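**Q** Please find one structure pasted underneath; my questions will follow.
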Amino acid sequence: MAKWKCKLCGYIYDEEKGDLSRNVPAGTLFEDFALSYKCPKCGAGKTMFEPLE
């Protein structure tokens, strides 16, 4: 499972943990999010995220 980082604010989405505050269950892949997904911290669009290595 991967982690994705918002390039604007540094928020990290961890696929292994999900985001229960936004009803995203653990194991949800970032690529499965709709293109309309927004960063919960700053509101940046999905295209502003990059994978963490």
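Cβ from N, Cα, C; glycine included.
Please treat TrEMBL annotations as automatic predictions, because they have not gone through curation.
These came from TrEMBL, pasted as-is:
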type	residues	note
DOMAIN	1-52	domain 'Rubredoxin-like'
BINDING	CYS6, CYS9, CYS39, CYS42	Fe cation binding site
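Have a look at these and tell me how they're positioned relative to everything else.
**A** Remark: CYS9 (Fe cation binding site) has CYS39, LYS41, CYS42, ALA44 as non-local neighbours, by Cβ distance under 8 Å and separation of at least 6 in sequence.
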**Q** List the residues in the vicinity of the Fe cation site, defined as same-chain residues other than CYS6, CYS9, CYS39, CYS42 with C-beta within 8 angstroms of the site's C-beta centre.
**A** LYS7, LEU8, GLY10, TYR11, PRO40, LYS41, GLY43, ALA44, MET48
**Q** Check CYS42 (Fe cation binding site) against DSSP and tell me helix, strand or coil, would you?
**A** coil
